[in-house]
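Here the structure is laid out as structure tokens; the discussion comes afterwards.
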Amino acid sequence: MEMFPAAAIISLLIYLLYKFLYRKSDDNCYLLGYQCYKAPDELKANAGTSAKIALRNKNLGLEEYRFLVRTMIRSGIGEETYIPRNFLEGREASPTLQDSLDEMTDATFSNLDALFATSAVRPCQIDILVTTGSLFAPVPSLSSRIVHRYKMKEGIKCFSLTGMGCSSSVIAVDLVRQTFRTRPNSFAVVVAVELTAPNWYTGQDRSMMLSNVLFRAGGSSLLLTNHPSWKERAIMKMEAVVRNHVSTDEAYGCAIHVEDEQGYPGARLTKSLPTVAMRALEGNLRVLLPKVLPLWEILRFVVARASYRWRIKKGGDDDSKPPPPVMNMRTGIQHFCLHTGGRAVIDGFEKSFGLREYDMEPSRMTLHRFGNTSCSSLWYVLGYMEAKKRLKRGDSVMMVGLGAGFLCNTCVWTVMKDLEDGNVWADCVHRYPPQTVGNRTAEILSWIFDDCMSFINFKDYDRALLFSR
């Protein structure tokens, strides 16, 4: 009888240890591979093509065109991004359902074919499927089309996310991670694709014209597992996820799909978007960074912050205030995958968090080569890092997704092995970074700023004659 309490305590400790280890194993989420879509070369949109498409909008006047051209010049988007076929055929203002289905099919199935071909996992082994895309919701759903095409198992668990904008691929991966906790030894696929074919804006609201400049065709597919025996085959392991939702009126309205005053639908991106994005990211990082940075950096920041507040409280002219201290994220994170939302967002992230040009290069180069591919953009950025052979075993990679709502979602991965696949960048990475990041829009459309253009009624003039100047 005297041994019973000791045996009970030992049994309890063993049980608690088992539960702890079992719970830790439930949190495993390994990335086995990923693919990014690269459209055929015939769908490339250089500055000349983009200019022709812009000039076809007969609802715009001279000042709207000048605004659009200035935006194109400053966009950071290069000469080799991809657009849907109906844009090239002059039907951007009147897309058909088939245009949308064709773009979705091309971006999705070519990626998945390559994903399964380069892995040892067959479609019939997939237990979880998550698809995400905000502005097109076909019936049957994209997930159903994937299950049908690849003859996946009837018991597969499918999720279709929509309306979450450019940050939704991080949400999709987190959904897989959460589902893994109740489905051990499972495989999951995430498909992120945002369609541009049905979403060309034909009105003259300047805050809605921006989407025509920024967004381009693209898509990505991921293969994940929580199976312990597949750990050695994984390329990355998820370590932490933080999601937050800023719901102020300003945040809610800074990125929203609406109709303008003339009834033309489109995505409105307001001037407050970069500011809202940085505020949302600051709140997110206050939760994320203590989980991933070393203790000594957190203590250093706490001391520096207290010292800063004491100095400010002691007084002094407001104009002489020193900048507030920031955490040195590079002490625990080696690589930064920032959503390619535009130059202003990337520049704001670099300035606000004291990062280097080297840290921002992958996002800037992705914006230049592929444009803003919305929810799939983070994986193009990761692909650039891999193609440049930056990702080494043990490195930490932080992904930052920003989207309508306003949503800010971040996650941190650990690299499991040295990565050096050229992936979607294989044929062009040797040209990056270029000496200058820009396009030929200023060269092609400089005449639009001539004083003599003020005497032309754009709405009645033949745009083809203007472009042939």
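Please read every residue number as a count from 1 along the shown chain.
A Cβ is built for glycine as well, from the same backbone N, Cα and C atoms used for every other residue.
Automatic prediction, not curation, is the source of TrEMBL annotations.
If you look up TrEMBL, you'll see 26-304 marked as domain 'FAE'.
What TrEMBL records for C166 (among others) is active site.
With a cut-off of 8 Å between CB atoms and residues at least 6 apart in sequence, the same chain places G405, F406, L407 near H245 (active site), listed in sequence order. Under the heading active site, TrEMBL lists H245 (among others).
Marked as domain 'Beta-ketoacyl-[acyl-carrier-protein] synthase III C-terminal' by TrEMBL: 333-414. In this model, the domain 'Beta-ketoacyl-[acyl-carrier-protein] synthase III C-terminal' (333-414) carries an average pLDDT of 94.
Residues annotated as active site in TrEMBL: H335 (among others). Residue density at H335 (active site): 21 other Cβ atoms are found within 10 A of its Cβ, drawing on all protein chains shown.
The Cβ neighbour count for H339 (active site), using a 10 Å radius and every protein chain shown, is 31. What TrEMBL lists as active site is H339 (among others).
Annotated active site per TrEMBL: H368 (among others), in sequence order. Within 10 Å of the C-beta of H368 (active site) there are 23 other C-beta atoms, taking all protein chains into account.
Sequence annotations record features per position, and here TrEMBL assigns active site to N372 (among others). Taking Cβ-Cβ distances under 8 Å and a sequence gap of 6 or more within the same chain, the neighbours of N372 (active site) are C166, L214, F215, R216, T340, G341, G342.
Cα-Cα distance from H368 (active site) to H339 (active site): 13 Å (rounded to the nearest whole number).
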